[in-house]
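K.L.:
Below is a structure I'd like to ask you about.
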Amino acid sequence: MTVTIVGSQLGDEGKGGVVDVYGDPADVVARYQGGDNAGHTVVHDGEEYKLSLVPSGAVRGKVGILGNGCVVNLRTLFDELNTLREKGLDPDVRIAERAHAILPFHRVLDGIEEDVKSESDQEVGTTGRGIGPTYEDKAGRRGVRIGDLLDPDVLRERLEYVVPQKRALVEEVYDIDVDDLDDPDAFDVDALYEEFREFGERLEEENMTVNAGAFLSDAIADGQNVMFEGAQGTLIDIDHGNYPYVTSSNPTAGGAATGTGLGPGVVGDGEIIGIVKAYLTRVGSGPLPTELGGVVGDTPGYDEETEGRNEDLATYIRDEGGEYGTVTGRPRRVGWLDLPMLRHATRANGFTGLAVNHIDVLAGLDEVQVGYTYELDGEEVRTIPSTTEEWGRCEANLRSFEGWPEVDWSEVADEGYDAIPENARTYLEFISDELDVPIYAVGVGPGREETVVVENPYE
Ligand code: GDP
Ligand code: IMO
Ligand code: MG
């Protein structure tokens, strides 16, 4: 059977940890979208693994697949494989021949476009990994696929078509001299051919490419358990998120079908687990009606003068949850849980279960609030409006819950659901009732053992 893990909010809900917790009975873990914009954490036995491309099942020695819906930066992938090997793992990762390769010029173009947009405060705050430009080329039918790297003639033909266009874009539209860039080779057909042909040879030698759909459907026919590991989250989905402050793929559950080559019935026949952070965090720009405080440069309309509004609470949650960018150390935006957002995510994904993480981070607060509905132009709305402008005008109607105490969370995880402090259970049950989806797991800390498992989806 299959289990699909999907971010219900804005990314970083703790998807990697849930893949690890539920990963024991899985035989194969497949990513179906995104690329090295993801950062998934698994904490086990005192070791923290940060994974951006290698599926999180690698920590348990599961076969990892990067499906056709992924965009793959091979420089990052091989570096990550080396790092994991140094930590004593032996990852077995196969990449769909239909997946697209992120080429060095995609990263450069991501940076240039963000710079240009920032002149009119329209930047998305991307991760700068070239994700958007790679999916643009995929949709524009000028991308380079992993399978193309295996055939020297095809690779050269593809590069000779696309690279001059990108060079012209930089020089003639953006008015930047390619030779002034840090990496002018990113726009050089011969240099790209050499590097990516070498990657192709390596992929072939290490037997790393695969027809993902066929591989996964054979595995399922053999009775194996497959897990689909979503990256990012529903509100940054290109279709169901707050466009244009989104990533360029479909993290929602439908992406698990198109991004692997299996039918929607196969995905829908299994379990679809929504990963929920007990509060909200957001990296980058866009509305956030339940936001506490703000981050200058990311929170729309927020400047030094607006500071002061719930700033202490925001700082408390940010510090307790370690909500700072892993690479830049930049503070993440923080807010209360948002039910209109979760109602939207529940519909768009068809969740069959919820894993609610970070209950421990809120411990010790006198009061915990939830955005229950929104006020939009004088009306109460229960779900997210379709346009980002309308969403930006929404004000959250908050509901208040009594806080719960700091306790020994490892002990709670040992003892099970009933050991969770009563007020936290009230909070969890409210979420579950509102969404009409059962709680499958509760995260009470980052480690594998710090999760209260209520249901095992494979059983
Ligand atoms: P992902 O991108 O959804 O996989 O999430 P990230 O790994 O980017 O961010 C989640 C962070 O919270 C990581 O540092 C996790 O180790 C940590 N984490 C996950 N679940 C919990 C939890 O229940 N409590 C606490 N305190 N930390 C958690
Ligand atoms: P995981 O899988 C949180 C955000 C970026 C930006 C927007 C577009 O770890 O949850 P992109 O580089 O994808 O074009 O950026 O999406 N973003 C994420 N935010 N977690 C992620 O992944 C993210 N991946 C992209 O911050 O706002
Ligand atoms: Mg992350």
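Just so you know, glycine gets a Cβ as well, placed from its N, Cα and C.
So TrEMBL lists the following for this protein:
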| type | residues | note |
| --- | --- | --- |
| BINDING | 11-17, 39-41, R332, 358-360, 443-445 | GTP binding site |
| BINDING | D12, E13, G14, K15, N37, A38, G39, H40, T127, R141, Q232, T247, R330 | IMP binding site |
| BINDING | D12, G39 | Mg(2+) binding site |
| ACT_SITE | D12 | active site, proton acceptor |
| ACT_SITE | H40 | active site, proton donor |
| REGION | 116-136 | region 'Disordered' |
| ACT_SITE | K138 | active site |
| BINDING | T326, V327, T328, G329, R330, P331, R332 | substrate binding site |
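Structural setting of the listed features?
P.N.:
A C-beta separation below 8 Å, combined with a sequence spacing of at least six in one chain, links D12 (IMP binding site) to G39, G233, K277, T281, V283, R332.
DSSP classifies G14 (GTP binding site) as coil under the three-state reduction.
The number of other Cβ atoms within 10 Å of the Cβ belonging to G39 (IMP binding site), over all protein chains shown, comes to 17.
Sequence-distant neighbours of H40 (active site, proton donor) (same chain, six or more apart, CB under 8 Å from its CB) are K15, G16, V19, K50, L51, S52, S56, E229, A231, listed in sequence order. DSSP gives H40 (active site, proton donor) a strand state.
Long-range C-beta contacts of K138 (active site), restricted to its own chain and to partners at least six residues apart, with a cutoff below 8 Å, comprise V71, H100.
Around the Cβ of R332 (substrate binding site), 22 further Cβ atoms fall within 10 Å across all displayed protein chains.
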K.L.:
Using a Cβ-Cβ cut-off under 8 angstroms and a sequence gap of six or more, which residues of the chain neighbour G329 (substrate binding site)?
P.N.:
none
K.L.:
Between G11 (GTP binding site) and Q232 (IMP binding site), find the distance joining the two CA atoms and give it rounded to the nearest Å.
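P.N.:
Cα to Cα, G11 (GTP binding site) and Q232 (IMP binding site) are separated by 4 Å.
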K.L.:
Considering only the binding-site residues G39, Q232, T328, which possess a Cβ situated under 6 angstroms from at least one atom of ligand 2?
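P.N.:
The ones that qualify, in sequence order, are G39, Q232.
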K.L.:
Name the one residue among N37, Q232, T328, R330 whose Cα is closest in three-dimensional space to that of G17 (GTP binding site); these are the binding-site residues.
P.N.:
Q232
K.L.:
What recorded positions among D12, G39, K138, V444 have a C-beta sitting less than 6 Å from any atom of ligand 3?
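P.N.:
Near the molecule: D12, G39.
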K.L.:
Which has the fewest other CB atoms in a 10 Å radius around its CB: N37, T41, T127, the listed binding-site residues?
P.N.:
T41
